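**Student:** Quick one: the structure is below, questions incoming.
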Amino acid sequence: MLGGLVVKTLNNSSSIQLSSVNQERHNDFRPGTRLWLAFMTISVLGLMVALDGSSISVALPVITPSLNGTAIEAFWTGTSFLLCCTVFQPSFGSLSNIFGRRPLILTALIFFLVGAIVAGISTNFLHMLVGRSIQGIGGGGVIALSEIIVTDLVPLRLRGQYFGIVGSMASVGAVTGPLLGGGFSDKVSWRWIFYINFPFIGIGIILVILFLNLHFTPTSLKSKLQRIDYVGTFLFVGSSTSFLIPVTWGGVIYAWDSVQTLVPLLIGAVGFIVFILYEKHFATDPMIPMSIFKTQTAVVNYVGTFVHGLALWCCLYYLPLYFEAVKGYSPVIAGVALFPNVLSVVPGGITAGILITYFGYYRWALWSGWIFCTLGMGLLCLIESNTSIAGWIFLMISSGLGLGILFPSIVFAIQASATPSEVAMAVAMCSFFRSFGQAIGIAIGGSIFQNRMYANLLGYPALAPYADEYSKDAAALVEIIRSMPSGGDKNNLRNAYTDSLRIVWAMCCALAGATMVLSVLTKEYDLNPEVVQINQGFIEEKNSGSQEEEGVV
């Protein structure tokens, strides 16, 4: 290690030859039409998944009576997508190493299409729940494979701007989704939330077939089936599901200290331990190689991507609730009000990616991202119920900028610390931990809000009798505040709501600050490694006009 820079080496006779090949590959890399079309395809598909995942929340008040559903059924409609999207991401990453990227992303798109059809034509909430779950499986595949494919097509040092764009598209989709969902449910039909996916999926399938022609070593179907880690997949999906379900319903459907919450949480935790032991000691071709966690840098930044997902989703979920409950904005206008935060994410991510590529170092971006994120979450604590438009715009920018910078910098650190053969699963696990953090963020934020809201309402004699009812759900309280007549009680409830969210921001600030300190342990690996093993790059196409190298094997 020279000057804090960790350099990977090879202990075999081909290292010198491969080193020179890699040097040429990095210097001569020129993204051609095929690469840009492929990248545009996966970016748009990622945007589609983010739009769909966030658009249904504002439409549930319309969907629920239309399908004669209950509040619990509406809750599961929103939760099932995120749950399935999270737990199946590593499975898609692992299977893509066996069957190839293109077959797996096509499979993910088919799942997403079938789920959209089932949800779009549903006549009851059972059909809706099935459709959303199937969509979630497909969405998880698209998210994981989009980032993996970037690692196949682009040399390590040059991936920054690509990952910045992919992350930014996801954030933009998460914010514009409610605008889309609110517009369709109010002006046309809520079913168009699902129908609008059809042209995206159709065009996406065609573009994947035409332009995502990736190299893959053919083997027999029998050998591929033998490589699947059936036991590991079952343990991982089962444990993740058992853990996340009670996390999502804790404090909403069942109390946190109830048997219905604690038992599946315990089963999920024990299941994770069994999964780790099996993968480490018994699996011949493990679904998730435990070696991806062997470096200090990887462990630190997997924790970082979890906290990143948690903080990101707390902003995207709870800030609109502030605008609706406290400012009285409609769901559509609340989505627009979130633009200062999200429009800071986009330039932050892209700029950080470009600068990491230019300088060849990523720790400065990682540390800068956590500093801005910690500062930004702290600034959100200053938001009051009467904060002016200019005030809350200013207070939201720093957190968005920090979250944007972290998108490419965390992924850079994880990829640089992984061996070439493990990069795909390392990236898939990065996506998983980010999504896992999103689910946990909503749950922890909801629990903090409930406890603080209950205590706040006890301080107002007129509202104290309703403390238990009003503190159950931050989203449900929005409609209660809307329906109240103007006056002191409504103002007090708004103040209590703002103060309760302040504790959520403080929690995010504390976690971001702790992760900022932890990130100091990240090592600076070489972004120009001696070996760049592209497992499934483009199949080489030569023509007389030019010879462009774009992830070619």
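Positions of Cβ are set from backbone N, Cα and C atoms, glycine also.
Caution: TrEMBL annotation is automatic and unverified by curators.
As listed in TrEMBL for this protein:
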{"type": "TRANSMEM", "residues": "35-62", "note": "transmembrane segment"}
{"type": "DOMAIN", "residues": "38-526", "note": "domain 'Major facilitator superfamily (MFS) profile'"}
{"type": "TRANSMEM", "residues": "104-127", "note": "transmembrane segment"}
{"type": "TRANSMEM", "residues": "133-150", "note": "transmembrane segment"}
{"type": "TRANSMEM", "residues": "162-180", "note": "transmembrane segment"}
{"type": "TRANSMEM", "residues": "192-212", "note": "transmembrane segment"}
{"type": "TRANSMEM", "residues": "233-256", "note": "transmembrane segment"}
{"type": "TRANSMEM", "residues": "262-278", "note": "transmembrane segment"}
{"type": "TRANSMEM", "residues": "299-320", "note": "transmembrane segment"}
{"type": "TRANSMEM", "residues": "332-357", "note": "transmembrane segment"}
{"type": "TRANSMEM", "residues": "389-414", "note": "transmembrane segment"}
{"type": "TRANSMEM", "residues": "426-449", "note": "transmembrane segment"}
{"type": "TRANSMEM", "residues": "503-521", "note": "transmembrane segment"}
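In the displayed structure, how are the listed features positioned relative to their neighbours?
**Tutor:** Beyond its flanks by at least six residues, the transmembrane segment (35-62) meets 74, 77-78, 81-82, 85, 105, 109, 112, 116, 132, 135, 139, 142-143, 145-146, 149-150, 153-154, 162, 165-166, 169-178, 180-182, 184-186, 190, 193-194, 197, 200-201, 204, 207-208, 210-212, 316, 331-332, 475, 479, 538, 550-551 of its own chain at Cβ-Cβ distances under 8 Å.
Predicted-model confidence for the domain 'Major facilitator superfamily (MFS) profile' (38-526) is 89, expressed as mean pLDDT.
Taking Cβ pairs closer than 8 Å, the transmembrane segment (104-127) reaches residues 42, 45, 49, 52, 67-70, 73-74, 76-77, 92, 95-96, 133-142, 145-146, 149, 191, 193-195, 197-198, 201, 204-205, 208-209, 212 in its own chain, all 6 or more past its ends.
Residues 38-39, 42-43, 45-46, 48-49, 52-53, 80-90, 92-93, 96, 101, 104-105, 107-116, 118-119, 159, 162-163, 166, 170, 212, 214, 411, 424, 427-428, 430-432, 435, 536 of the same chain lie 6+ residues outside the transmembrane segment (133-150) yet bring a C-beta within less than 8 angstroms of a C-beta in it.
Residues 39, 42-44, 46-55, 57-58, 143, 146-147, 150, 154, 193, 196, 312, 316, 320, 331-332, 334-336, 338-339, 342, 345-346, 349-354, 403-404, 407-408, 411-412 of the same chain lie 6 or more positions beyond the ends of the transmembrane segment (162-180) yet place their CB under 8 Å from a CB of it.
Counting only same-chain residues 6+ beyond the ends of the transmembrane segment (192-212), those with a CB under 8 A from a CB of the stretch are 34, 37-38, 40-41, 44-45, 48, 52, 55-56, 59, 101-102, 105-106, 109, 112-113, 116-117, 119-120, 131, 149, 180-181, 184-185.
Residues of the same chain lying 6 or more positions beyond the ends of the transmembrane segment (233-256) and with a Cβ under 8 Å from any Cβ of it are 72, 75, 79, 82-83, 86-88, 90-91, 94, 262-265, 267-272, 274-275, 278, 287-288, 436, 439-440, 442-443, 446-447, 450, 472-473.
Using a Cβ-Cβ cut-off under 8 Å and counting only residues 6 or more beyond its ends in the same chain, the transmembrane segment (262-278) has close neighbours at 231-232, 235-236, 238-247, 290.
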**Student:** Would you kindly check 299-320, 332-357, 426-449 and say which stretch has the most C-beta pairs under 8 angstroms to the transmembrane segment (503-521)?
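**Tutor:** Highest pair count goes to 299-320.
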